[in-house]
Amino acid sequence: MLSFSLTTAMYLVTFGIGASPFTNIEAARIFCCNSCIAIFFNYLYVLSFYGSSLVFTGYIENNYQHSIFCRKVPKPEVLQEKPAWYRFLLTAKFSEDTADSEETNTYESHLLVWFLKRYYCDWITNTYVKPFVVLFYLVYISFALMGYLQVSEGSDLSNIVATATRTIEYTTAQQKYFSNYSPVIGFYIYESIEYWNTSVQEDVLEYTKGFVRISWFESYLNYLRKLNISTGLPKKNFTDMLRNSFLKAPQFAHFSEDIIFSKKYNNEVDVVASRMFLVAKTMETKREELYDLLETLRKLSLTSKVKFIVFNPSFVYMDRYASSVGAPLQNSCISALFLLFFSAFLVADSLINVWLTLTVASVEFGVIGFMTLWKVELDCISVLCLIYGINYTIDNCAPLLSTFVLGKEFTRTKWVKNALEVHGVAILQSYLCYIVGLIPLAAVPSNLTRTLFRCLFLIALVTFFHCFAILPVILTFLPPSKKKRKEKKNPENREEIECVEMVDMDSTRVVDQITTV
C-alpha cells in the first residue's frame with residue numbers, strides 16, 4: 001500500500017502542476033484537472049472498497065464458497081455425482097486435498113515466473129550477451145540523438161482534425177503547390193483615417209511593403225496616377241472619384257466589398273473601415289518565420305499611427321502551438337525536479353535516486369528522438385505525454401533499482417536476477433495490459449489521437465527495453481561493488497581472549513591461564 005500511495009502522490013503532483021495557472025492552455029488544464037480528480041477517487045476506491053472486496057473474497061474462499069454464485073462448493077466425491085454443467089460452474093480446490101508444497105509453489109509455477117527464473121535471468125546476465133546489449137544501447141542512443149537534432153515544433157492545422165476531411169486535402173495541396181507563400185493575411189483598418197493625405201498614404205504603403213498585396217488602396221492610387229491626377233486630392237474629390245469612378249470600373253468593382261462608406265450629418269461620405277490582403281513570400285514549413293512575421297505585424301499595429309489589425313484563421317493555431325510548447329516544457333522540468341526532490345526523502349539509499357535520474361533521462365531522451373523519427377512533432381499533446389512518461393518510468397524502474405541497490409552480501413549479478421524474479425512478472429503484466437489499452441487509439445481517424453498513441457507507445461516500449469535489457473546488464477558491471485557493502489560483524493558477538501598471569505608462591509614457575517569470554 002505504501003508504494004501505491006507514493007505512486008498516487010507522484011501522479012497528483014505531476015498533473016496538479018499541469019492543472020495550475022502555470023499552464024496557459026485551457027484544454028491541457030482541464031485534462032490535468034480531470035486526471036487529478038480521477039486519480040484521487042481511484043485511490044479512495046483502492047483504500048476502501050477494493051480492500052474490503054479482497055477481505056470478502058478471502059472469506060468466501062476460506063469457506064469454500066463460489067466467488068460468483070456465493071454457493072457452498074461440494075467436495076469432489078459429491079461433485080462427481082452432479083451433472084457436467086454443475087461441475088463446470090461449481091468447482092474448487094480443497095486444502096486437505098492439496099499438498100503443502102504445491103501451495104507454496106503456486107506462484108513459482110506461473111508460466112512467466114518460470115520463464116524468467118529458468119531462462120531469461122540467466123540469459124540476460126550471460127557474459128557473452130552483455131556486449132551485444134551494450135552495443136544495442138549505443139545504437140539506441142545514436143538514433144535517439146539523430147532524431148533529437150531534428151525536433152520541430154508542430155503548428156500544422158491537419159494535426160488537430162480528422163484524417164478523412166477536406167482540411168487535410170487542402171493543407172496537402174497548399175504545401176505541395178503553394179508552399180512558397182504564407183497564408184493570406186487580412187489587413188484591416190478599423191477606423192476612419194485621412195486616405196487623401198500624402199503622409200498617411202506613405203505610412204500605409206510602408207506597412208505593407210515586402211508583401212504580395214491585393215489592395216484596393218494601392219490599385220486606386222495607381223488608377224489616379226494613370227489618369228495624371230495627383231493622389232493628394234482634397235477629401236471630397238478623393239472620396240467621390242473613389243465611389244463614382246474607380247469602383248464603377250468593371251476591373252475594380254470587386255473592391256467594393258473591401259470598403260465601408262458612411263454618410264455624416266452634412267451628407268459628407270467618409271471611409272470608416274477597409275481591408276487589404278497580404279501574402280508573404282516565405283516557406284510555411286519554416287514556422288519560425290511565420291511566428292516572427294506575425295509578432296512583427298502585431299507590434300506594429302500597437303505603435304503605428306494607423307490603427308489596424310492582422311488576422312488569418314491559421315493564426316489561431318499558430319498562437320496555440322507557439323504558446324503550447326513553452327509552458328508544458330517548463331511544467332515538465334518543474335515536475336521532474338519536484339519528483340526527484342520528493343523521492344530523495346523517501347528512498348532508503350541515495351544511490352536509488354541517482355539511478356532513477358539517469359534512467360528517466362535516458363528514457364525521455366530516447367522518446368523525444370524516436371518520436372521525431374516517427375514524424376511526431378513537439379506539440380501540446382506530445383509534451384504532455386513526456387510529462388506522463390516521467391511517472392511511468394519511475395513506476396516501472398523504481399522497484400527493480402530499489403531491490404538491487406538495497407541488496408547486500410551477494411554479487412551484483414545475483415541481485416539483478418533476484419530483482420527480475422521478484423518484480424519482472426508484475427512489470428511484464430502491466431506492460432501487456434498497457435499495450436492492449438493503447439491498441440484502440442491506433443484505429444481512431446485523427447492525427448491528434450495518432451500522436452497520442454505514438455508517444456505513449458514509445459514511452460512504454462523504451463521503458464520496457466530499459467527494465468528488461470539495459471538496467472539488468474549495466475547494473476552487473478558498474479560500481480559500487482556489492483562486496484564493499486557487506487555489513488561488518490557485530491562487535492558484541494566477537495570473541496575476546498583474556499590472559500591472566502599466575503605466579504606459584506612455592507616455586508618460580510609462572511602459569512598463564514587463558515580465559516575465553
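Any Cβ shown, glycine's included, is placed from N, Cα and C.
Here's what TrEMBL has on this protein:
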- 1-56: domain 'SSD' (DOMAIN)
- 6-25: transmembrane segment (TRANSMEM)
- 37-60: transmembrane segment (TRANSMEM)
- 128-149: transmembrane segment (TRANSMEM)
- 328-348: transmembrane segment (TRANSMEM)
- 354-374: transmembrane segment (TRANSMEM)
- 422-444: transmembrane segment (TRANSMEM)
- 456-478: transmembrane segment (TRANSMEM)
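Residues 365-366, 368-373, 465, 469-470, 473-474, 476-477 of the same chain, all 6+ positions outside the transmembrane segment (128-149), place their C-beta atoms under 8 angstroms from a C-beta of that stretch. Secondary structure of the domain 'SSD' (1-56) per DSSP, as helix, strand and coil residue counts: 48 helix, 0 strand, 8 coil. Nonlocal intrachain contacts for the transmembrane segment (354-374), taken as residues 6+ away from its ends with a CB within less than 8 angstroms of a stretch CB, comprise 140-141, 143-148, 150-152, 336, 340, 343, 382, 386, 389-390, 393-394, 397-398, 401, 405, 454-455, 458-459, 462-463, 466, 470-471. Ranked by number of Cβ pairs under 8 Å to the transmembrane segment (37-60), the listed stretches 6-25, 422-444, 456-478 are led by 6-25. Mean per-residue pLDDT, taken over the domain 'SSD' (1-56), amounts to 81.
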